[in-house]
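Asker: Dropping a structure here in structure tokens format, bear with me for questions.
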Amino acid sequence: MIPIRSLHACLGHHARIASLEHTMKGHPEVVDYLKQLLRGELAARDQYFLHSRRYEDQGLMALYERINHEMEEETEHADALLRRILFLEGDPDMRPAEFAPGKTVVEMLERDLVVEYEVRAALAAGMKLCEDHGDYVSRDILLKQLQDTEEDHAWWLEQQLGLIKRIGLELYQTSKIDKGHAAG
């Protein structure tokens, strides 16, 4: 016969395990928001992908390399969101959100900057939502992405558009031709 104390201890242990298992499932609002952010990161990745190849096609290798790097970072952001959604037992939506790529150098830089501003606002709202639901791990993931967006991506794009205004598009584009690639 099992003593009552042992039975209660055993049942209490199983109840704690069941409770822990329940906490691994994310709050539905947080998971849904992370899914929206994932679609946005996939769209940003695709836009950067297209823009990087357009720069390459135009021989603007310095822009190609930088924007290709941005594409890789957006892929890393999407990966972090995807992993978190799966951990929270969500069903990821891998369809990129709609995006409107540019065709000229200025259009591409401006549209990339618009995307970064939209991402920044979405990440800030997502961080608040995560805090409201006590999901501090997801909030920290979004904080890291927000720092990348503000301190690297948006800042660099603002800098490039400022350069174009100060020195003109022709001189700017000339400065973005990698001499090693130009020699052919």
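Glycine is treated like the rest: Cβ placed from N, Cα and C.
Curation does not apply to TrEMBL; its annotations are automatic.
Here's the feature list from TrEMBL:
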DOMAIN    24-168  domain 'Ferritin-like diiron'
BINDING   Glu41, Glu74, His77, Glu150  Fe cation 1 binding site
BINDING   His69, Glu73  Fe cation 3 binding site
BINDING   Glu74, Glu116, Glu150, His153  Fe cation 2 binding site
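Relative to the rest of the structure, where do these features sit?
Answerer: The Cβ of Glu74 (Fe cation 1 binding site) has 26 neighbouring Cβ atoms from other residues within 10 Å, across all protein chains displayed.
Within 10 Å of the Cβ of His69 (Fe cation 3 binding site) there are 14 other Cβ atoms, across all protein chains.
Reduced to three states, the DSSP call for Glu150 (Fe cation 1 binding site) is helix.
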Asker: Which entry in the list of binding-site residues, Glu41, Glu150, has its Cβ near the fewest other Cβ atoms, using 10 Å as the limit?
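Answerer: Each of the binding-site residues Glu41, Glu150 was scored by Cβ atoms within 10 Å; lowest is Glu150.
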Asker: Find, for the listed binding-site residues His77, His153, the residue with the lowest Cβ contact count at a 10 Å cut-off, counting only other Cβ atoms.
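Answerer: Fewest other Cβ atoms within 10 Å, among the binding-site residues His77, His153, is found for His153.
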Asker: Expressed to the nearest Å, what is the distance separating Glu74 (Fe cation 1 binding site) and His153 (Fe cation 2 binding site) at their Cα atoms?
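Answerer: Answer for this pair: 10 Å between alpha carbons.
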Asker: How many other Cβ atoms are found within 10 Å of the Cβ atom of Glu116 (Fe cation 2 binding site), counting all protein chains shown?
Answerer: 22
Asker: For the domain 'Ferritin-like diiron' (24-168), what are the DSSP-based totals of helix, strand and coil residues?
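Answerer: Its residues divide into 118 helix, 0 strand, 27 coil.
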Asker: Which ones in the same chain are close to Glu73 (Fe cation 3 binding site), with CB under 8 Å and 6+ residues apart in sequence?
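Answerer: Asp148, Asp152, His153 - these are the non-local Cβ neighbours of Glu73 (Fe cation 3 binding site), listed in sequence order.
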